[in-house]
Amino acid sequence: MDQFCGSKYWDLDRLWNTNDNPDFTYCFEETAMLWTSCLILLVLTVPHAIYLQIYYSPRTKRNNLDIQMKMKSHKGIVDSESMKSDSLNLHQKQISHPIPWTVFSIAKIIVSLIFVILSILEMVSTLFLTNEIHSNFELFPVHWVSPIVKLITFAYLVLLLVQYRLNGVYSSGPIFLFCLTFMLYSIVNTRTLLLSVFDENSYFYPEFHRLYFISRIIGLVFSVGLFLLVCTNEYTSDRRLDPHQTASFLNRITFWWFTSMIIKGYKKPLTENDMYRMNPNNTSKKILSDFEYYFDTMRTSKIIKQMQLDASTGYQSESYNKDLVMKFDGSNRKNTPNMNVALVILRVYWPMLLGIGILKLIASCLTFANPIILDWLMTFMSDTSGSQPLWRGFLYAALMFVFPMFESVINGQHDYWMNIVILRVRTCMISMIYNKSLRLSTYGRRDYSTGEIVNIMSVDSQRLVDFLNWVNSIWSAPLQLGIAIYLLWQQVGYASMAGLVFMIILLPFNGWISALIRGNQVKLMREKDKRTKLMNEILNGMKVLKLYAWENSFLSKISELRSYECTELYKIAYLTGFMFFAFSAAPFLVGLLTFTIYVLTGNNLDPNKAFVSLSLFNIIRVPMGMLPMLLSMGAMSLVAIKRINKYLNSEEIDEDAIRYLPDQENAIRVRNGTFTWTRDGTATLKNIDLEIPHGKLVALVGSVGSGKSSLLSGILGDMEKTSGKVNVDGRVAFVPQQAWIQNATLRKNVTFTNQFDERKYRKVIKECCMEPDISILADGDQTEIGERGINLSGGQKQRISLARAVYSEAQIYLLDDPLSAVDAHVGKALFDNVISNRGMLRNTTRLLATHRISVLNDVDEIIVLKDGVISERGTMDRLIEQKGDFAEFVAEYLTENMYDTDGEENDLEDSQLMKSLAEKVRPILQRTESRRSQTSSSIRSISERSEELRRSSSMQRSISVRRRQGLSSNVQRQTSKDVKPIGVVKPKPANGKAGKLITEESSQTGSVKLKVYARYFQTIGYVISFTILFAMIAANVFQILSSLLLSEWSNDGLDPIKANDTHLRNQRLTGYAGYGFGEIISSLFSTILLNIACIRASKMLHNDMLGSILFAPMSFFDTTPIGRILNRFTKDVDVADSAMVFNLRMAVMQFFRTIVAFIMISLEAPLILVAILPILVFYWIIQRLYIASSRQLKRIQSTTRSPIYNHFNETVNGANSIRAYGVQDRFISDSNLKIDHNNSCFYSSITAARWLSIRLEFFGYTIVFLAAIFAVISRGTLDPGLAGLAISYSLNITGVLGMFVRSATDLETNIVSIERLIEYSEIEAEAPYQNERTKPENKSWPALGEIKFTNYATRYREGLDLVVRDVTFSIKSKEKVGIVGRTGAGKSSLTLALFRIVEPANGQIMIDNVDIRPLGLYDLRSKITIIPQDPVLFTGTLRMNLDPFETYSDADIWRSLELAHLKQFVHTLENELLYKITEGGENLSVGQRQLVCLARALLRKSRILVLDEATAAVDMETDTLIQETVRSEFADCTILTIAHRLNTVIDYDRILVLDQGNIVEYDSPKALLANRTSQFYSMAKDAKLV
């Protein structure tokens, strides 16, 4: 190289062994420095440039398009439209939008061109010198190569900048690095040139090199200018665009682009609208697409490998047949191999993880730069002879600034990109779990409740991604330990092996502890699942819970589960405490063993050995401290991965079970179908052969449990098909028996996923009898419907469900008893106008499951199901003639429906039908009556009623039990006067919230209030808090004392007398050991006590919130989504359980470590605090800026997470309907949007953390630099031991400050979860649950059951209109009163008032002359019995569902079951009374659930019974059983019945008619029907019943 340059390449005397002006050689600068700079640009950008040129070139676009066209041409599907579409799509994929040219971008091109010109000038000057001036001047290759290299490099840079501009590349790391290194080269080269000018012995002669000299000076100026231009940002007018996309490389690595968000967050509280729009690569759609591609590819690969293995062994597995592989498209995953989601994550993100790992490797190695430099600095400080020049000390100080700066930048990028991976993995997990919920089969679903799936989505997925944040520490921590041990060997020799042996001994201890933690973690998640599952059911059944006064029972059950959960948490806390003790003690014990062996073997401990070793011990402290956390988090993540894998591998619906092939004859065809809900049980449906022709109306009839709903589920593919074939030809719409309603506007519930068509919408609303309902809603059809339709009646929900199906314009309609929950007259109108062959659906195929006999005469065919088998089929007349199962069914109907109507006329048409049917099934009817007469003597004989029917054949019936009342033309005319045209909603009030039901989740702003901290520490306990604080202070005092002792000890090594004093040495060693043990024992005590105290506080906060929620008024649940409440009970409680323990411990610990560090640094020279003070001011400013934004980002992140869970809950509950309508993709898209919305907050939050970290670390290594500078200046006057102590602590200040601010910030952001728990624990409660002062003295109250309303009025919430208005009436003891009225009349409100679910606005209610308002709610509600319309059961045993307080004997329970006609059924169940009820009672039919509710009422047997249309959703047989039991067993009770069907109350003592909250009539049925001007008579007349 010397010959290449004509001078020395490397001159150590000139560079190092000089007292002033060290410098590189000209040859080194013109080769190594220049070429390295140029190679950075060429090597790192050429591959990317080639990629852009190939991928975005027009030729590639045309070639790709030609390939696609050929493929389609081969398939015979090419057409001009598809060609245009393919061309457009390919263009969109291949061509990025070019970036507009700006002043800065043009300036970059111009400066690069100037360098091209300067390079040419250098070549010209060289040529000029050679040929004209100094022909004897010897030129060497370097003179030509140097300008040529620069010419080529800058010419390439010009082309690269243009290409990047055209292809949408805003900034480039390699270009930045080139400009930086080239600028440094120019600075060093110009300095060398200037030094040479003033050196007469220099190689250069200025008078002969003016052109060269001028070009180099100009080059220096423009190199600085080019670097500054590269550091500028591109301007964009889109304020919501992620600035990272347009930021320069310097802005990216320093996160300066995020400063605007930080400042905005400081000036005002951030909102969701301030969040950046997600980078397209980070959107859910893109992330999930990539993940599912690899997921499916790996699964297919496993299938193929299994097939190859089977083929090689001569065995062909049935589960891995060729058909499965051919059909496999990513959705058909039944009978496919189990997948490990961790391996898929690794496969998808391994390139990013590899790049991130390289960054971690570099940063891990850079960590040891400062200890090495400290060794050099200590040698410099110990040199009192002055042999080392002063500039070396300043160089060491500068290096102690530069290397940490590089480490900080690299760590910042590592953490940022790792968090991007975390964001993507988290998105994958949530999306995959959500998507899986839409594909779960019934068999797979039975293992998971909604609460358990929410737990997997919220807790397990979070624990998986939390571990990813530390995954590189798995290898970097051992690497750092290894490097540290090696460097210790360099310092203290084989004494370092003592520390290594100790760390090896710790490994089995760690393994044992981590195994215990993992086991406890499994148990913890199991208990957490149970609690979440039950909490979800409680929230779904809260109204029933309050009506039964079961709050205390379920409070104790949840508290018990929480206690089990906390028991596991306590065990983990103890184990974590001991693990923390072991690893926090490890650095001290390693140091103690090392120093002990070192000095006891005759060596002296000097400042170099002591403080370089101490700095290495402090470095060891970090990876050693990480190991317990890694083991703990690793154990948690393994449990989480197993749970996620189990869920994602659970069985899915077999999408091939139902075929959708064209069929000219039949819309639905089932051949020899056998279906089951449970694979290990008997088949629910057997040998089903079914053909439903196109355009026909077919009815399914049968008793409870006969299989009607199951058959519809089988056709939808929701059941397990064990044999047979099913084909469906056409789009399907499904109306379930229990209507599924979304939390959206009424209009949105009807239009569902279809576009709004006003004309069609108006027609559907009209025919579905929804106009009167819309007219009374606060905001018309724009009124928001609450979760599960909580602000609608059962009939309204069912009509919306039917309207949704009609609006969808499907070809096949599966209707699961849609008329059961509506009023009789509405039911008739719905059938006539919508379902029948005269209705809107007349040209479609309809399969109607029903219990109504009166509609069967209008259907094309009747299919009778019995015990899961089709027993009969045919027309109504034909089936009656056969006198089989259908005839029995009709007889039951007639037995129930032919009560005397006190002489009122009967509907002629229905009367003739009843007469005809009665004659045809007379023998069966007589047998049925005989059986009924044995049960209830109050029912008249069949012969009497048949005779009455014949006598009144020309008169209309007054009331029909199983007849659904129809809307007459008279009713239509009446309502049309009051109802506005659909699509024109009512004018909104000024606040625009008339129809708003669900409240927006509140998000606090500003700092977390001090009262939140005070409440949390109060929950922990002030005595415990001060004890923990004292223990931590003691630990830090011991640390200060041990450090000062080490400083003195190290100085002893410089004094020959003290160095040989063994007594002093032993004294120092004993003192050092004593202080160290004092520190670790104090730390152990404080850690365990803090862990236990935080868990205890979390338990108390949970229980406070639980009590507050359970005793909150129903208005709270009406306006608060369940997902939002569950979010508090899952995510926020988990933060209180785990994160708060870690955050609080770290915040307090780092606070004391910061104070200790500054104390130690100030010992070097108190004056340094003056220099550090401005840094601390900036430090405080940065912290305040960050915390304001970070805190609010955490809050927004929490509030945007709730909609994800709300949507998920809604989806799980309506999965059957979503699949039936085939709109899974739409719901997945909605879920993705909500996830993206939450991710935008998460992205801002993680970026804010990086923004803070890099700034705090800058302040940290600035303090290191200042400490080193002060040490260098004070050489000769400062003890080396004290200097070493100060600098070693300053080396830690970066990590300590960073960890302190980060932990303090994490504490404040996570305290938001505590704030949210406290918020829900302070919800305004209902009235006192029990009140001893007002409790009736008579324990048997109410003994009579007399009820009196006096001027009573009520509303649901403050600010709403009255729903009951000044009503006054009384009910006598044992009186039976029916409450009737049209929708919105106030019927349910009146009964809710009786239970004080709603409180009075005026007036009072008296029961047995006792005002119920002062009573405790338990004292009131436990004395009244209700059989609700919706039968709600909870997970647990059957006995628990009947008697949650365990106050009744088994004999009492069996008697209630017998009276409820369930005894025989329960005897057939496994474990009988201990039979496990699944979530929502799904393993019982609706009728059986209603009978369980009847058994509850029979068990309680109070003097007042309320029936809220308890038989609306059951079949005729169940209805009969319930009515008979009520009449016989509650004969001596006061009964209030809300009646949608007038026959259920026609034989009552009195009828209460309500209209718009007012009593319009109150008299006996006979008197009201006799008065032709009464509204009760009008209700019958409007439906053509009188």
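Keep in mind that glycine also has a Cβ here, set from the backbone N, Cα and C atoms.
Bear in mind that TrEMBL entries carry predicted annotations, made automatically and left uncurated.
For reference, TrEMBL has these:
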- 32-52: transmembrane segment (TRANSMEM)
- 99-121: transmembrane segment (TRANSMEM)
- 141-162: transmembrane segment (TRANSMEM)
- 169-188: transmembrane segment (TRANSMEM)
- 348-369: transmembrane segment (TRANSMEM)
- 354-636: domain 'ABC transmembrane type-1' (DOMAIN)
- 390-410: transmembrane segment (TRANSMEM)
- 467-489: transmembrane segment (TRANSMEM)
- 495-517: transmembrane segment (TRANSMEM)
- 572-600: transmembrane segment (TRANSMEM)
- 620-641: transmembrane segment (TRANSMEM)
- 668-892: domain 'ABC transporter' (DOMAIN)
- 924-985: region 'Disordered' (REGION)
- 942-951: compositional bias 'Basic and acidic residues' (COMPBIAS)
- 1026-1309: domain 'ABC transmembrane type-1' (DOMAIN)
- 1155-1182: transmembrane segment (TRANSMEM)
- 1258-1276: transmembrane segment (TRANSMEM)
- 1347-1581: domain 'ABC transporter' (DOMAIN)
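Remark: the transmembrane segment (169-188) makes no contact with the transmembrane segment (348-369), by the rule of 3 or more CB pairs under 8 A.
Restricting the average to the domain 'ABC transporter' (668-892) gives a pLDDT of 84. Counting Cβ pairs closer than 8 Å and at least 6 residues apart in sequence, the transmembrane segment (620-641) and the transmembrane segment (1155-1182) reach fewer than three and form no contact. For the transmembrane segment (1258-1276), the partner stretch with the highest count of Cβ pairs under 8 angstroms, out of 348-369, 390-410, 467-489, 495-517, 1155-1182, is 390-410. If you look at the transmembrane segment (141-162), the same-chain residues 6 or more away from its ends with a CB under 8 A from one of its CBs are 4-6, 27, 30-31, 34-35, 38, 41-42, 45, 49, 105, 108-109, 112-113, 115-116, 118-120, 122-123, 126, 172, 175, 178.
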